């Protein structure tokens, strides 16, 4: 049999939505507006939590870190995606691709852990209100967030090292908006079984583990809420929890679709649409979700705006 000559790839060429080149400029403007909204919304949420003393609680401490991670998470992907759309393709080195892949996995993992921590926080607040202050101390809050960052770093490091021990050869075109594992596996010229196992292990020990914590926490919350005699108390608790559950559904729903399925024979265009949801849309919507459905945040916003108007008067 004749030997196949494989040319090792040292750089990748990112392309996106090449089937519809006329979409380039409209998509660029849409994603740019989404990105600016993400930056303003999440930075505004962090500023609001910092300025308003009523929001100096464990729940908003975790929410401020979620907003910070969403800014970083989106900033890893969107500026490069805008460059791909503007230039109709972008060449990047393998080191650049690995760095982006690590940062994306790092921040996405932290997002998963923070959402699980926030569900646990709601469980303690609703089901053990008398012990809430003693359980959710400042030391405990900092420890939980630090643990999320450390675990996120470990997830990103292990997956990046495993992925980039592969040999990439032949075609160097990535028909995707950033360097993610599913499209990278399509460019390998060797056995990628180990790397595919890493995807499954990441999916089992990060996403479902976090989802399990969230589901168990909310199961206890629902039982506790149904036992409440006050209709107003039930409504207030459900309103707070609904915001968090909406963010959970948006984030985990798209990640599960992307990673917990067979990637063979799937549409690249469909994958790109899903990836836009969890890298562009979800970080943009989180501040809106938590502000529109949360009375405390809305009151803090109105207070901040009224102060701004007063300070502007001569």
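Quick reminder: no glycine exception, Cβ is built from N, Cα and C everywhere.
Here TrEMBL gives transmembrane segment for one range in the set 167-187, 272-292: that range is 272-292. Touching of the transmembrane segment (272-292) and the transmembrane segment (140-158) is ruled out by the presence of fewer than three CB pairs under 8 A, sequence neighbours closer than 6 excluded. Contact between the transmembrane segment (140-158) and the transmembrane segment (27-49) does not hold: fewer than three of their C-beta pairs are under 8 Å, each pair 6 or more apart in sequence.
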